[in-house]
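Asks: Pasting the relevant annotations from TrEMBL:
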- 15-28: compositional bias 'Basic and acidic residues' (COMPBIAS)
- 275-345: domain 'Sphingomyelin synthase-like' (DOMAIN)
- 1-28: region 'Disordered' (REGION)
- 70-87: transmembrane segment (TRANSMEM)
- 93-111: transmembrane segment (TRANSMEM)
- 123-147: transmembrane segment (TRANSMEM)
- 191-208: transmembrane segment (TRANSMEM)
- 326-348: transmembrane segment (TRANSMEM)
- 368-388: transmembrane segment (TRANSMEM)
Amino acid sequence: MYVMSLINDMRRRKAEGSSKKDGPYDEERTQMLKREGAASHTPQQAATAAAAVAGAPSLAAIQARCRPQLGWAVGVVFLLLPFLQAYVQPPEIFWKALLAASLLFLGYHVMTFKRWADEFPYVLRFLVCFAAMIVELLSENVMVWIVSATDMRKYDDPPGLQDNAEIALNFLAGKHALLGWFIYGKWANIMHFLGCVLCLAFSVAWEQHPYSGFGVMARFSLTICFSRILRTASFMCTVLPSPRPGCYRRRFPPPPDSVSGIIWVGIRELRGFGGCNDLIFSGHGAFWSLGPLMFQTYYPNKFSTALLWIALVQTSIRDVIDKQHYSVDMFLAVVVTWAVWSWLRWVYPEGQLLPQRPEGAAADKPNALVLTLVGVGLLTAAVAVFVAKS
């Protein structure tokens, strides 16, 4: 009807002999055509067109600035190293030499990094997010102890809950040798996921992707903070029995009689290996989930992203089989972490690329503050490993 009214209006103007172009009419018709054109596009096409209008980089533009060596590094961490550990079992000196070579490689690229000035705008953002993560983790440390110490059934050894996923997985493992290997196999662990996170964060020093290392780690730190706030609220609301009965008697002394005494024990002792209840959801599952999420967001490489998701599925299954967590803990760890990661896109959106450096531009000189912040980045990794074991 709207189109017909415009046609009738045009005919009326022509009949009146008006040869003057009507500005408002042309503008109205242009807007109508734009609306009709937008309506004819799919949502994905419309989003792409909106991104183009807003000046956001396309996926092809981002991939053009990514280099393949980071993907190879993921293959080494998640395929070659686990193979060596499981089948070759090199001597301890091999692993020490590998670690030393990795640190030397990192140190060289940090010292010769050319674009420190581009990283400075993200330094404060990272420090704020890192501080928020530390505050949350210290608070959670107290809560993990409190929920264990105040459990009214901690000496009753209640049986674990029925886990239907565990039952199904054990059934499937006996159906085929390959399924049995995938379900029971000791493949990746937290150190492998940590290695890939560090590769992504520091690979800006060897120009593997067009993003700020401080920006990436800012979103990483704040995601840990907010996801674990939700985790702490969950396990404090409802006390669930551990998949392994008898945990409290094996691991913890009798709690103090006073509330203040219980709190003080939680403050003075760091507990990086969890409490004695099912702490829904899994803390290390949440940490593992950040690996594929970070690569999917900041390094759009199909091989490395797919490998990380497969590793996440396998390690989550193994945690259930080993009775470290219930399957619901692993499922919620992935879902909640993914949701929080998406909510926190504003911390460092993937459209915020570092500017391309002109050919032959002089390198920015590092200073003591920059190198200290790199050390803080490595400290982030150490803290993440400690708390992710709970």
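Glycine is no exception: its Cβ is also placed from the backbone N, Cα and C atoms.
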Asks: With a Cβ cut-off under 8 Å, give me the same-chain residues at least six positions beyond the ends of the transmembrane segment (326-348) that come close to it.
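Replies: Distant contacts of the transmembrane segment (326-348): 122, 125, 129, 160-161, 163-166, 211-212, 215-216, 218-219, 222-223, 226-227, 230-231, 234, 240, 243, 278-283, 285-286, 288-290, 293, 297, 312, 316-317, 319-320.
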Asks: Which whole-number mean pLDDT does the model give the domain 'Sphingomyelin synthase-like' (275-345)?
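Replies: When the pLDDT values over the domain 'Sphingomyelin synthase-like' (275-345) are averaged, the result is 92.
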Asks: May I ask for the residues of the chain that lie six or more residues beyond the transmembrane segment (70-87) and have a Cβ under 8 Å from a Cβ within it?
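Replies: Sequence-distant neighbours of the transmembrane segment (70-87): 186-188, 192, 195-196, 199-200, 203, 208-209, 295, 299, 301, 303-304, 307-308, 311.
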Asks: Six or more residues out from either end of the transmembrane segment (191-208), which same-chain residues have a Cβ under 8 Å from its Cβ atoms?
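Replies: Those are 66-67, 69-70, 73-74, 77-78, 81-82, 106, 109-110, 113, 119, 216-217, 220, 287-288, 290-291, 294-295, 298-299, 304, 308, 311, 315, 354, 377-378, 381, 384-385, in sequence order.
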Asks: Would you mind splitting the domain 'Sphingomyelin synthase-like' (275-345) into helix, strand and coil residue counts from DSSP?
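Replies: Summed over the domain 'Sphingomyelin synthase-like' (275-345), the classes give 55 helix, 0 strand, 16 coil.
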